[in-house]
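Chemist: Grabbed the feature section from TrEMBL, which reads as follows:
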DOMAIN    7-139  domain 'MARVEL'
TRANSMEM  12-31  transmembrane segment
TRANSMEM  43-61  transmembrane segment
TRANSMEM  81-102  transmembrane segment
TRANSMEM  114-133  transmembrane segment
DOMAIN    144-280  domain 'MARVEL'
TRANSMEM  175-202  transmembrane segment
TRANSMEM  214-234  transmembrane segment
TRANSMEM  254-274  transmembrane segment
Amino acid sequence: ATVNLRALTSWVGIARLFAVVLSCLSFSLVASTQHFGGPYGTWCMFTWCFCFALTLLVLLLELLELYPLLPLSWDDFTSAFSMLAALMVFTSSVVFPTTFISSPCSSNLCARQAVATTASCLCFLAYAVEVALTRAKPGDISSFLSTVPGLLKVFEAYVACLIFSLLDRYNGVPGLMWCVAVYSICFIITLLIIIFTIGRCLTYIPCSLEKVLVGYNFLALLMYLTATVLWPLYSFRGQSRPDPCGRNCWWDKHLGVTFLTIFNLIAYLVDLVYSSRMVFV
């Protein structure tokens, strides 16, 4: 192995170093409070630890120039991971203070939680800077997951995961079950595209990959359009918000799924536009 100091001194390397330090600071401060129980706290701790460990591994592999030995597309992997990490840390930066920080914030416990939240927000900015620095220039498609359609694939898969975490009370309702099928089918296909791209398997497809992606994006857009209409129609028809409606209230979860469905609908629309421009313009 040889040492490549540019892996640490380049702008991308500096952004990754900031992400490592800030994610470490976040989970260390929260761990010191011993106040992160429940699914939301566990998710936030997992996010910070996962991003810290994998970013540190990426830095080490690039520093020692060992990444060419891996049987994967390194540029696609790092682009997908930085986008995923940015989304995960952003979610944790919103969920953690909403769940665990109460007002007024005056105790030592609350101060550490506030600093951890601030570090998490700065960590999100570090990953966002990395995404911006590694994004492919217009016309460059050598690394698909660093292009706008590739980054949108990661966004679409992540939003689908958030939708799955909020699904509740849909069995026995045909309209809602169709929506769940839409979320599942699009998530599986999008995830396979990401995995096959990183694993350099898409070259074995005996047809025009770009046109296949355009066709898939169009189909996914139509399916999400039906889910955008059917999910709120069958979820809230004849049912008002319960009073009281606690933290795990089904009504709030269904409202969250509604907004996330709209976000993914917009993402697939933008994805279709960019993919079509790459193929036909």
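Each Cβ is built from the backbone N, Cα and C atoms, and glycine gets one as well.
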Chemist: Under 8 Å, at least three CB pairs between the transmembrane segment (12-31) and the transmembrane segment (114-133) (pairs 6 or more apart)?
Modeler: yes
Chemist: Mind checking which residues of the chain, 6+ beyond the ends of the transmembrane segment (254-274), have their Cβ under 8 Å from one of its Cβ atoms?
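Modeler: Apart from its flanks, the transmembrane segment (254-274) reaches 147-149, 152-153, 155-156, 159-160, 162-163, 166-169, 179, 183, 186, 214, 217-218, 220-221, 224-225, 227-228, 231-232, 235-236.
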Chemist: Could you pull the average pLDDT for the domain 'MARVEL' (144-280)?
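Modeler: Here the predicted model's pLDDT, averaged over the domain 'MARVEL' (144-280), is 88.
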Chemist: Other than its close neighbours in sequence, what residues sit by the transmembrane segment (81-102), given a CB gap under 8 Å and a spacing of at least six beyond its ends?
Modeler: 19, 23, 26, 30, 35-36, 38, 40-41, 43-44, 47-48, 50-51, 54-55, 58, 110, 113-114, 116-117, 120-121, 123-124, 127-128, 130-131, 134, 145, 151, 154-155, 158, 162
Chemist: Mind checking which residues of the chain, 6+ beyond the ends of the transmembrane segment (43-61), have their Cβ under 8 Å from one of its Cβ atoms?
Modeler: 7-8, 13, 16-17, 19-20, 23-24, 26-27, 30-31, 36, 67, 70, 78, 81, 85, 88-89, 91-92, 95-96, 120, 123, 127
Chemist: Under 8 Å between C-beta atoms and at least six residues away from its ends: which parts of the chain pack against the transmembrane segment (114-133)?
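Modeler: For the transmembrane segment (114-133), the list is 11-12, 15-16, 18-19, 22-23, 25-27, 29-30, 44, 48, 51, 79, 82-83, 85-86, 89-90, 92-93, 96-97, 101, 105, 151.
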Chemist: Using DSSP, break the domain 'MARVEL' (144-280) down into helix, strand and coil residues and give each count.
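Modeler: Counting residues per DSSP class in the domain 'MARVEL' (144-280), I get 109 helix, 0 strand, 28 coil.
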Chemist: With helix taken as DSSP H, G or I, strand as E or B and everything else coil, how many residues of the domain 'MARVEL' (7-139) land in each class?
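Modeler: Computed counts for the domain 'MARVEL' (7-139) are 109 helix, 0 strand, 24 coil.
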